[in-house]
Amino acid sequence: MAERAALEELVRLQGERVRGLKQQKASAEQIEEEVAKLLKLKAQLGPDEGKQKFVLKTPKETLTGKYGEDSKLIYDLKDQGGELLSLRYDLTVPFARYLAMNKLTNIKRYHIAKVYRRDNPAMTRGRYREFYQCDFDIAGQFDPMIPDAECLKIMCEILSSLHIGDFLVKVNDRRILDGMFAICGVPDSKFRTICSSVDKLDKVSWEEVKNEMVGEKGLAPEVADHIGDYVQQHGGVSLVEQLLQDPKLSQNKQALEGLGDLKLLFEYLTLFGIADKISFDLSLARGLDYYTGVIYEAVLLQTPVRPGEEPLGVGSVAAGGRYDGLVGMFDPKGRKVPCVGLSIGVERIFSIVEQRLEALEEKVRTTETQVLVASAQKRLLEERLKLVSELWDAGIKAELLYKKNPKLLNQLQYCEEAGIPLVAIIGEQELKDGVIKLRSVASREEVDVRREDLVEEIKRRTSEPLCIC
């Protein structure tokens, strides 16, 4: 036992040495040498049947090499033992790791959770350091572009149902980008950094992007100009067909595959009835390194200042794409699972909805309550409790103030502040007559409704969908 305890201590110390070298960013050769020593010590230790095996991976190992230049926005932390950790940057990488760890090869799912960015917050634009995302993903080996088209259909359906204004979904393919960079003369080592520059074209002018490419990233001016000829183009399936005839781009295998898939994608999008919402945009790059094929991003549009002008984008609210190689990065045997998905920026959409409601001088509803059960006189708490219970049992979203004898004015003011549309008022005379006074908070109109008809009347009045446009 003493020998085993001594060996366990050596393993612990060697493990700390390996972690220390990784934190110090020592050379790969030195780390490999120390890891080999650690494995040799563990082999001497042998199996311990009395202990449960755990596979531990620090999130930082998990996250590096997948976000390109956005890696600087990852929140790095250290635990009590000095181990380097990171907060979750998105929901895609954890999903890929989950598939690999559980050996799943086919799944469709959605996930809503918090993610974290070491960014400069901009509250009015819905940019935060801690915020929610809603992801939808399809994993599995399927025929080309069918799940991709479904993801775009879902994205359009979500944004349309939210009534937050006109939107456009930009679509591109990482293979087209890589093929374009290759024929334009971009060195392989600069593909990702130039890709990051191109992705800024929705925020800054081409001249600014070109200056960054040439001045900061060392690209030759003529190469940058050649890129500019391509990335300033956008359109529909006709642009795809035009590029398929491009004498240089069509000779690149990667670009040809990407264009072929995009042409097929537009056929499916037409069948889904959403092709008019999609724009093939060669400037869309999506800086995340894990994308391997089709990429897309939804932007809200504002009304043109003058007739004839194109609508201007006012911000991205959803994005996604295909990431066929990400699961294989976590699988010990490198087994790949094709994946495609989308992410909705929850806070971004909330910010837009709040701004629109404020502009219309409407209050933001914080409750789904359809009716408040109120009383006109004192000593009617029992009757309020009985009525609210009846409404709950009928599936009506109802509530009441938690006071024995609230003033009617206070109850009505609560409805106005909370945006509750209806008030069911109980009074002594109403109880004698077998009716309930139903009041519309907006119009202040009141009608007497027989108690047995109240549920049906409330459902009729609240059946129309809430519009937040």
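Using the three backbone atoms N, Cα and C, a Cβ is placed for every residue, glycine included.
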Would you please say which range out of 182-209, 322-349, 350-377 has the annotation coiled coil in TrEMBL?
350-377
Of these binding-site residues, THR92, GLN133, which scores lowest on Cβ atoms within 10 Å?
GLN133
If you draw a 10 Å sphere around the Cβ of ARG286 (L-histidine binding site), how many other Cβ atoms fall inside it, taking every protein chain shown into account?
21
Which residue among the binding-site residues ASP90, TYR291 has the fewest other Cβ atoms within 10 Å of its Cβ, if you could check?
ASP90
